Amino acid sequence: MRSDGLELVARDVSVQFEGLKALSDVTLAVPRGGITGLIGPNGAGKTTLINVLTGFQPVGAGSIELEGEPLNGIAAHKLRHKGVARTFQSGRLFRDLPVVDNLEVTGVGLGQTRRDAIAEAQRVLAWLGISSLANTIAGALPYTDERRVAIGRAIMCTPRYLLLDEPAAGMSEHESHDLAAIIRRIAGELNVGVLLIEHNIGLVLELCERIFVLDSGEIIEVGTPAEIRDSDAVRHAYMGTQRDELIPPIVAEAAVAS
Amino acid sequence: MSTRPSVIRQTIVTPIILIVALLIMAALTYQFGSRAFNRTAVEMFINIMVVVGLYVFVGNSGLLSFGHISFMCLGAYMTAWLAIPPVMKSITLKGLPAWLLHTQLPMWVATPISGLFAAIFALIIGRVIMRLSGIAASIATFGLLGVVNNVYSNWDSVTGGQGSIVGIPPTMNVWIGWLGATAAIVIAYLYSISRSGLALRATRDEAVAASASGINIVRERLIAFVVSAFIIGLAGALYAHFLSIVNPGAFYLRTTFVTLSMLVVGGMYSLSGAVSGVVVMSVLIELFRNLEKGISLGGHTIALPNGAQEIAIGAITIVMLMYLPTGLSRNREFSWRGWPLQRPLARPVQTALKELN
Ligand SMILES: Nc1ncnc2c1ncn2[C@@H]1O[C@H](COP(=O)(O)OP(=O)(O)OP(=O)(O)O)[C@@H](O)[C@H]1O
Ligand SMILES: [Mg+2]
C-alpha cells in the first residue's frame, strides 16, 4: 500500500503579503499513499501553503517538487493535470450545476470527453456512496454534503495527491467519523498522498501518520500524533487553550469554519 | 447504474424550438410582409447572428466584449473584396492585390471565407487579449473596435476610406436570413454543449475552482472568442449582401450598443435569451422607427423627434439591468436541463482575500 518514497514536497518556502510573512522557510513533505496532517491556529498560513503546493500562490523563496520534479511557477491547471488535486475551505462548487456535472467539469478539464467524464463522475459518486445526490443542484446541498461533493470533484480520475482544506468544518461528530473513513480509503485504496488541514484536532490525531504544526508562518513542530499530543510548543501555539481542551481524547469539536 | 440520456438528447430541444420559431416568422414574412417588412425581417435575422455570436463569447465566459462588431466589419469588407465585380473593384479599390481584383465569388463561397477571415483574425488578436482578465479584457476589446474602425476608415485604397463601397450583389432574402440565423444557432448550440463550452462556463462561475479542476482558462476563452468571431464574420458577410454597400460607420458604436442591449434584454447567459432579445428589441425598434416617421391621428401627424429610438433602447436596457438583470429569459433555456437552470440573482462580490481560501 505505501509506496516507494514518492512525495510532494515544499522546501524552504517563504511567502510574503505586503509586509506580512505568511510563510517563512516552511518545509513539508506529503508521502504518496499516506495521510499527513497540518494544523495551526487561524491565520497560521495553512491555506497559503496549500495554495503554494497547488500553483495558486507563487513563492517568494523556496521550491516545490513533485516526486523529484521541480515545479516552481507552474500554473494551477497544469498541476492538476500532473495529479495534484485540492479542495477549498469555502467549498467553491459550481453552484448552478447538478452534482454529477460538478464532477464532470474536472473530467473535461483533464481531457476526457463529456461522455467519459460523466461515466467517471458516476463511478466516483458511487465509490463515495453519494450516488443519490447526483442530480441535486450543488447550490442546494447542505453544508456537509457540499464537502463530500468537493472531495468527489477532487478525486476525479484519481489524482496522486489530494490536499484537503478543512473538510470537516461544521460537521457533527458522526459525520466527521464517516469523513475519516473516506479519507482513509482515499489514501489506502487509491494510493493517494493526502494532506489534511483541520481544526478538528481529534480527527487529525486519529487519521494522520505525521503531523506538521504551523504557527505564524513557521513550522513549530513535526511528529507522530503521540509526539504532537505531548508537545509544549503546540500547546503554546494555541495560547490560552488548556491542554485538555485542545486535544480531546476522542470527542471531536465542531470547528467553526472561516 | 442508470445511465443518463446523452447531453445532446437532453438539450437538443432548445435549438429546434428556436429554429422552428424563426422559420415560422420567415414564412409569414415571405407570405404576407411588404417589401419593407421583408427588409426588416432580414435585418432581424442578421442581428440574431450577431447577438448569438456575442452570446457564444459573453454568455459562456462572463466577460463583456465591446469589440465583436469589428468581426462584422472584417467579414463585410472581405465579402466586398470577394463579391464585387472586378470591373467596379478596379476603379474603387485600386490597392487590392491583383489576384483579389480579378476574383468574383458567389455568396455561398464568399460568406464562409469571410467568417474564416474574422476567425483567424480573432485567433491572432485573442492570444493577447484573452490573457487579460475581467474589466481589462473588456477595455481591450473596446480598443480592438477602435483600431479596426480606424484602419478601415483610413486605408482608402483597400477599403474606400470613410465612404461606402458599392456593388456587392444584393442577394439576400428572408430565407437566406433564416438560414444564416440557423447556422449561427447550430454553431452556438454545438459550442455550448462541447467540452470547451462546459469548461468555459465553469470558469465563469468559479474561476479558481475551474483552474483546480485542470481547466486552462486562457485556452477555453480563446476558443469561444474564435467561434464567436466566425459567426459574427458570417453575419457581416450577409449584411454586406443585404445592403449591397459597406462603410465603416455601420460597424461601430451604434451597432455595438444595440446588439449588446439585445443580449442584455434577452438574458446574457442563454441562447434562447440571445435570440428572443433580438426579436423583442427588433419589434420595439421598428415601432419607434415608425413613430419617428410620424403617425396620423385624425388629420394631425404626430411624430417623435429623431433619436427617440436610441433613447428608448437605452432606457429599456437600463430598466432591464435594474429590475431583471437576468433578462427576459432569466438566463434559462427553453427546456434546457443543465447549466443555467435556476441561477440566483446578483451574487455578493468576493473580496480579493477570499479569492483563494
Ligand atoms: N491574498 C492575500 N493577501 C494578503 N494577505 C493574505 C492573503 N492570503 C492570506 N493572507 C494572510 O496570510 C495569513 C495566513 O493566511 P491563511 O489563509 O494561509 O491562514 P490559515 O492558516 O489558512 O487560517 P484559517 O485557519 O483561518 O483558514 C493571514 O494573516 C492572512 O490574513
Ligand atoms: Mg485557511
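Note that Cβ sites are derived from N, Cα and C of the backbone, with glycine treated the same way.
Annotated transmembrane segment per TrEMBL: B:12-32 (among others), in sequence order.
Same-chain neighbours of the transmembrane segment (B:44-64): 22, 26, 71-72, 134, 137-138, 141, 174, 177-178, 180-181, 183-185, 187-188, 191-192, 197, 200-201, 203-205, 220-221, 224-225, 227-232, 234-235, 238-239, 242, 255, 258-260, 262-263, 266, 268-271, 273-275, 277-279, 282, counting only residues six or more beyond its ends whose CB sits under 8 Å from a CB of the stretch. Annotated transmembrane segment per TrEMBL: B:44-64 (among others), in sequence order.
Within its own chain, the transmembrane segment (B:71-88) has Cβ neighbours under 8 Å at 50, 53, 96, 100-107, 109-111, 113-115, 117-118, 121-122, 148-149, 152, 158-159, 165-169, 228-229, 232-237, 239-241, 246, 248, 250-251, 255, counting only residues six or more beyond its boundaries. Summarising the annotation, TrEMBL assigns transmembrane segment to B:71-88 (among others).
What TrEMBL lists as transmembrane segment is B:108-125 (among others).
Residues annotated as transmembrane segment in TrEMBL: B:132-152 (among others).
Residues or ranges marked as transmembrane segment in TrEMBL: B:172-191 (among others).
The transmembrane segment annotation in TrEMBL covers B:222-242 (among others). When Cβ-Cβ distances below 8 Å are used as the criterion, the transmembrane segment (B:222-242) is approached by residues 39, 42-43, 46, 49-50, 52-57, 60-61, 68-69, 71-80, 83, 107, 110-112, 114-119, 121-123, 126-127, 129-130, 168-172, 176-177, 180, 183-184, 187-188, 191, 196-197, 200, 250-251 of the same chain, each at least six residues removed from its ends.
Among the features that TrEMBL reports, transmembrane segment is placed at B:262-285 (among others).
Counting residues 6+ beyond its ends, the transmembrane segment (B:262-285) has Cβ neighbours under 8 Å at 14-15, 17-18, 22, 25, 40, 43-44, 47-48, 51-52, 54-55, 58-59, 62, 181, 185, 188-189, 192, 309, 312-313, 316-317, 320-321, 326-334, 336, 340, 343 in the same chain.
Residues of the same chain lying 6 or more positions beyond the ends of the transmembrane segment (B:12-32) and with a Cβ under 8 Å from any Cβ of it are 38, 41, 45, 48, 173-175, 177-178, 181-182, 185-186, 189, 271-272, 275, 279, 333-336.
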